[in-house]
Amino acid sequence: MIEVQNVKLGTLISVFFFGMIGGTLRYLLSLKLASTGTILVNLIGSFCLAFLTYYVIERQKLPAWLSTGLGTGMVGAFTTFSTFTVDILGLSTFTDATFYLLISVVGGFLLAYTGMILGIKLGKVGDRR
């Protein structure tokens, strides 16, 4: 198999293929469920990634290309919240998990706010032209 910087081409193709499926599923659910779609997608994704990580991948010993395709590709494209949740579950102490949660939520909010303000300002500059 061809390797690209120590990543096998089959794994990249798997992530791409399953990513298309996950992204498409997310889009279709958001069309059907409107405002409740996001929370449903995040909850389903959290369950799916945890299930894949802690049961299927560990117990069933799937090939690396398939487990990466399903986890990073499909669930990752379906939602990034699931990855966030599994990361917190993997931390060794409650303090570490709390710190990670606070940094993620507060940092995410601050960056979203900054992006919003920057977008508004750049949008107004574009209106003047």
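Any Cβ shown, glycine's included, is placed from N, Cα and C.
Keep in mind the model is a prediction, meaning the values are calculated, not measured.
Residues or ranges marked as Na(+) binding site in Swiss-Prot (evidence: sequence analysis): Gly76, Thr79. According to its DSSP assignment, Thr79 (Na(+) binding site) is coil. Long-range Cβ contacts of Thr79 (Na(+) binding site) within its own chain (separation 6+, distance under 8 Å): Arg26, Val41, Asn42, Ile44, Gly45, Ser46.
The transmembrane segment annotation in Swiss-Prot covers 9-29 (among others) and is backed by sequence analysis.
Feature annotation from Swiss-Prot assigns transmembrane segment to 37-57 (among others); the stated evidence is sequence analysis. For the transmembrane segment (37-57), the residues of the chain that approach it from at least six positions outside its boundaries are 26, 29-31, 67, 70-71, 75, 78-79, 81-83, 85-86, 89, judged by C-beta separation under 8 angstroms.
Residues or ranges marked as transmembrane segment by Swiss-Prot on the basis of sequence analysis: 74-94 (among others). Listed by sequence, the residues of this chain that lie at least six past the ends of the transmembrane segment (74-94) yet keep a Cβ under 8 A from its Cβ atoms are 15, 18-23, 25-26, 41-42, 44-50, 52-53, 100-101, 104.
Per Swiss-Prot, transmembrane segment is recorded for 100-120 (among others), and the stated evidence type is sequence analysis. Within its own chain, the transmembrane segment (100-120) has Cβ neighbours under 8 Å at 84, 87-88, 91, counting only residues six or more beyond its boundaries.
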Nonlocal residues around Gly76 (Na(+) binding site), in sequence order (Cβ under 8 Å, 6 or more apart):
Val15, Gly19, Gly22, Ser82, Thr83
